[in-house]
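Colleague: Below: one structure in structure tokens.
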Amino acid sequence: MLEKTKKVVRIRNTAMRGMLAEALGTFILMVFGLSSVAQVVLGKGNTGQYLSINIAFGIGVTLGIHTAGRISGAHLNAAITITQCVLGNISWTTLVAYITGQFLGSFIAAATVFALYYEALYDYTNGSLTVTGPTATAMIFSTYPASNISLTGAFFTEFTATVMLILGILAIHDEKNNAAVKAAQPVLTGMLVLGIGLGMGLNTGYAINPSRDLPPRIFTAVAGWGTAVFTAHHSWWWIPVTAPVLGSLFGVLVYKLFIDFHNQPGNETEHEKEQADMDTS
């Protein structure tokens, strides 16, 4: 009985450490990202451009991974956490702890950026916080689709962008393949997010992460923007929650079918055999 109690305590302590790590890592990611959007929007293009937003999110991802990586693996993304749970790599307890931490960190980051730019927000909007219109500012905190994109197109964009995200992450970390050295993995993951933003950000703003999109949306709903953050653009809000999860799961399946199932440890590849033959000749 005593051993069972100790085991439960260890599991809870591990889950708590993981939750705190995910919270801080996600907070760092989101503060860099959201503040860059705020600076571009509120500065009316004079203090940054779309590229600076992409770079800031890449830097945020890199530093978030450096912060939480040793403790939790630095998922910083509910879609990745859910995928890891489906694959059996983490428990349901860990799933709940990690997503709780991610949502907490993201929500606090949104509140922090709101406080940081409070005066600029009210000067820009004349005190009217809106989701749409010429002085809309809700997009500082959460993603919204372009006006010419249908919900189907938006869903496909988020799904595809997340497939590319998980494919890149798996390639960077796959020890059985050509994994990057550990010290380079956070930077490469940040560059991966930067690349997705540069190539697939036009349609939807590349949420690719429920933890990046939903908590700040909830914050804006209670901070003055109202329920319009959930009803605008034909109730778009559910797409950056569901599409990344499905995209992540599909991306893992693709990677396993094309790479992982054919690349077991100890199996010498054709290239390695050719190299060995050359060395012996």
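Positions of Cβ are set from backbone N, Cα and C atoms, glycine also.
Any TrEMBL annotation is an automated prediction that lacks curation.
The shown structure was predicted, so the numbers you read here are calculated from the model rather than taken from an experiment.
This is the feature table in TrEMBL:
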- 20-42: transmembrane segment (TRANSMEM)
- 48-69: transmembrane segment (TRANSMEM)
- 90-118: transmembrane segment (TRANSMEM)
- 149-172: transmembrane segment (TRANSMEM)
- 184-208: transmembrane segment (TRANSMEM)
- 235-255: transmembrane segment (TRANSMEM)
Colleague: Which residues, given as numbers and ranges, are at least 6 beyond the ends of the transmembrane segment (235-255) yet have a Cβ under 8 Å from it?
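Modeller: Contacts with the transmembrane segment (235-255): 77-80, 82-83, 86-87, 142-145, 151, 154-155, 158-167, 170-171, 204, 207-210, 212-214, 217, 229.
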Colleague: Before we move on, state whether the transmembrane segment (48-69) and the transmembrane segment (20-42) share at least 3 Cβ pairs under 8 Å, counting only pairs 6 or more apart in sequence.
Modeller: yes
